[in-house]
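Asks: First the structure, then my questions, so here it is.
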Amino acid sequence: MTVQGLVSWRGDPVDKTKHGGVKATLFLHSLVWLSNMANIANMLNLVNYLRGTLHMGVASASTTVTNFIGAISMFSLVGAFISDSYIKRFNTILIFGPLEILGYGLLAIQAHLPSLHPSPCDINRIPNNCEEVHGSNAALFFFSLYLITFADGGLRASIASLGGDQFDNDDSKEMRDKISYFNWYTFAVSLGAFTGLTVVVWIENNRGWDVGFSVCALLVFAGLAIVTCGLPFYRNRIPDGSPLTRVFQVFLVAYKKRSLPFPEYSKEEPHQYVDKDASSVEELSRTKGLKFLDKASIDNGEKGAWSYCSTNQIEETKMLIRLVPIFISSVFGYLPFSLILTLSVQQGATMDNRLGKIKISPATLDVIPVVFQMSILVIYDRFIVPYLRKLTGYKGGITHLQRIGIGFAFATMATCVAAVVEMKRKKLAEEHGLMDVGTGVPMSVFWLVIQFFLVGIIDVTSFVGLLEFFYSEAPIGMKSIGTSIFYSMHGLSAWMGSFLIELVNKVTRDRNGKTGWMEGANLNKSHLDRFYWLLCVIGLVSLLNYTFWAKIYVYRHDPRIVASDGKKVSEEKELGVI
């Protein structure tokens with residue numbers, strides 16, 4: 001049995017008994033696991049390298065990490081564009097993977113050679129006497145860091161989309177497996193976080209950053225080797241030219257024909273999308289919304305891609321436009337995620353991190369929500385989804401947008417809890433005369449567990465929901481673009497966090513020399529508690545905004561399975577209400 005639009009690695013038609021399915025995604029999950037061992041460990045622990053080895057201040061270290069997180073996500077657009085337009089997704093993985101290995105290799109060299117970083121200095125005890133990295137050494141660090149972000153961004157978009165290609169939407173069993181795939185994809189991310197935070201972070205903190213970065217390079221190499229072994233089992237979609245070019249054509253042609261009257265459509269027939277080898281077919285019907293774009297299909301005698309657009313091409317463009325309100329509202333809803341993670345690590349560095357005789361790195365505390373994520377994902381996929389599917393009639397138990405909203409609500413709760421904990425930490429620091437020291441606050445680092453736990457719920461809910469939402473709502477020729485939309489949302493949210501820190505510092509700084517809330521190298525003299533309360537307010541407002549757009553969004557495909565009378569549930573509204 002073959003699957004239309006997909007080929008094997010030799011270019012032959014796909015045989016469902018040999019290619020694709022769950023077995024093919026196991027190789028991809030291995031790469032997701034191993035690459036995230038390196039990346040998530042460094043997302044959460046890199047701030048200690050920036051502070052302890054490169055001697056950056058509180059704001060600089062936080063914005064560097066959030067920019068790192070944001071850049072990884074934003075560069076997924078590059079990988080998505082390449083894999084949707086020019087080369088197969090598997091080939092995209094083989095191109096970007098070695099670049100990530102090179103980036104970690106350069107970081108390992110810098111950490112190993114004393115001449116490439118500042119002289120040792122305890123920034124927590126004597127924060128004003130440490131030399132910050134600068135000049136060519138700073139350039140080497142940022143080049144290496146952003147080489148990693150560029151490469152991993154390309155991997156993210158390609159892996160998730162290649163995994164989605166392994167399932168046939170017209171096969172009910174494979175469709176259920178596809179829903180589970182995104183849950184298990186997230187499980188692999190969480191497993192990578194768990195092993196990275198317990199193994200990689202320990203190596204970096206106890207055996208040296210040079211050894212730690214070297215291990216990260218080896219992990220990515222091992223992942224690439226495993227994913228290459230799965231080559232004979234993959235279903236590969238042949239690229240069909242640039243999807244973004246097709247979108248630009250619609251806008252340009254619609255603008256050129258803006259003054260032409262609409263023709264009378266006597267009957268709305270579905271229009272088919274056919275790729276260049278006529279093997280991939282998707283029926284798209286004309287919708288009522290965004291009417292001005294329909295003028296691109298008016299036949300005024302001019303021919304050519306930049307003079308006339310098919311109905312299918314127009315509908316593809318409409319689909320992407322309808323995702324914009326959810327995209328923007330999600331950027332603000334996800335805002336607390338990366339900020340709480342990086343700032344909590346800095347909080348933990350000033351607190352009592354002992355568990356008996358064992359010292360625990362603050363970044364390692366994130367293992368707690370990660371364990372919860374992995375546990376609840378298995379329970380959710382194996383037990384909760386089947387039960388909710390019967391109860392609600394939705395294929396995934398609840399809709400993607402409902403799942404996303406639950407995560408945003410917990411993000412708001414996490415910022416409020418973080419603010420309360422920080423108020424208590426600062427009060428103890430002041431009572432014990434530690435305001436000028438910046439470390440040794442007699443408060444257990446395990447006070448941070450609550451906010452870490454609440455942030456962890458975001459991955460169980462919003463992460464999976466957003467990833468599957470943007471993938472499933474994207475047109476068939478733009479699946480990698482759909483995946484990268486999710487990651488770029490994540491990246492913009494991280495960058496927005498960096499911008500917010502800089503904006504708050506500028507607004508709260510005065511001419512008399514008083515520093516802003518988040519400035520300086522001493523966290524005890526900052527006003528992190530006030531910043532957390534600000535995040536709490538922003539989170540609440542963004543949750544209300546997201547809820548509005550989620551309620552009026554109409555899914556491209558009906559999320560229900562069947563109605564109680566056995567008939568397929570129809571859409572309450574026609575697609576295109578925007």
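Cβ coordinates come from backbone N, Cα and C, glycine included.
Source: prediction; values computed, not measured.
Marked as transmembrane segment by TrEMBL: 26-44, 64-82, 94-113, 133-151, 182-203, 209-234, 320-340, 401-421, 445-469, 481-501, 531-550.
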Asks: Counting Cβ pairs closer than 8 Å, which of 26-44, 94-113, 133-151, 209-234, 481-501 has the most of them with the transmembrane segment (320-340)?
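Replies: By the under-8 Å Cβ criterion, the transmembrane segment (320-340) pairs most with 481-501.
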Asks: Tell me if the transmembrane segment (481-501) touches the transmembrane segment (182-203). I count contact as 3 or more CB pairs below 8 A, with pairs 6 or more residues apart.
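Replies: Contact between the transmembrane segment (182-203) and the transmembrane segment (481-501): absent.
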Asks: Report yes or no: does the transmembrane segment (209-234) come within contact of the transmembrane segment (481-501), defined as 3 or more CB pairs under 8 Å with a sequence separation of 6 or more?
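Replies: When sequence-distant Cβ pairs are counted, the transmembrane segment (481-501) does not touch the transmembrane segment (209-234), since fewer than 3 lie under 8 Å.
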Asks: What same-chain residues lie close to the transmembrane segment (26-44): Cβ under 8 Å, and 6 or more beyond its ends?
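Replies: For the transmembrane segment (26-44), the far contacts come to 65, 68-69, 72, 93, 100, 104, 148, 152, 155, 159, 162-163, 184-185, 188-189, 191-193, 195-197, 199-201, 204, 215-217, 219-220, 222-224, 226-227, 229-230, 233, 338, 341-342, 345, 363, 366.
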Asks: Using a threshold of three or more Cβ pairs below 8 Å, and leaving out pairs closer than 6 in sequence, do the transmembrane segment (445-469) and the transmembrane segment (401-421) count as in contact?
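Replies: Output yes: the transmembrane segment (401-421) sits against the transmembrane segment (445-469).
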Asks: Would you mind listing the long-range same-chain contacts of the transmembrane segment (133-151), meaning Cβ under 8 Å and 6+ residues beyond its ends?
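Replies: Answer is 39, 54-56, 64, 68, 71-72, 75, 78, 96-100, 102-104, 106-107, 110, 116-118.
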Asks: I'd like to know if the transmembrane segment (94-113) touches the transmembrane segment (481-501) in this structure, counting it as a touch only when three or more C-beta pairs sit under 8 Å and are separated by 6 or more positions.
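Replies: Answer no, regions not in contact.
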